[in-house]
Amino acid sequence: MKTMIAWLVLLTFAAALCFADEGLKQEHMNERKKSRFREDIPDEISEDLLLQEMEAMEAELLEKEMRMEENRNSREKRCLGEDISCGEKPGDLVRMPCCAKYECKETAGYWWYQKRFCVKKKSG
């Protein structure tokens, strides 16, 4: 019975401490809010500052969006990938270029196929 009472006292103490800690956290948050939005600055000035910050953020986002759109429009439209005949001989009908990371070369099977193929550029 004595141990049950001791455990109940300990549980009550822990619960009270927890609620007291939550109250301190709430007070701390209120103090931070007050310090962040000082009352000595008039409302009009704080609204103007907020408006300027939002306009700057909007301009930055619009600039990023324009750059993304330029990148989308400037990408390669049609090109040939790896191991596709690129046909750079004058008599060939297919004249599409290889993609940027490939080059048109005579591969090991050139003697048989008589065609060039797009292969990866060597990075060395």
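Quick reminder: no glycine exception, Cβ is built from N, Cα and C everywhere.
Annotation comment: Swiss-Prot describes C79-C99 (among others) as disulfide bond, evidence class similarity to another entry. Annotation note: C99 (disulfide bond) sits in a coil segment as assigned by DSSP.
In the three-state DSSP classification, C86 (disulfide bond) falls within coil. C86 (disulfide bond) is surrounded by 22 other CB atoms, counting those within 10 A of its CB over all protein chains shown. For C86-C104 (among others), the entry in Swiss-Prot reads disulfide bond.
Marked as disulfide bond by Swiss-Prot on the basis of similarity to another entry: C98-C118 (among others). Counting only same-chain residues six or more apart in sequence, the Cβ atoms lying under 8 angstroms from the Cβ of C98 (disulfide bond) belong to C79, L80, G81, I84, C86, C104, C118.
The annotation signal peptide is assigned in Swiss-Prot to 1-20.
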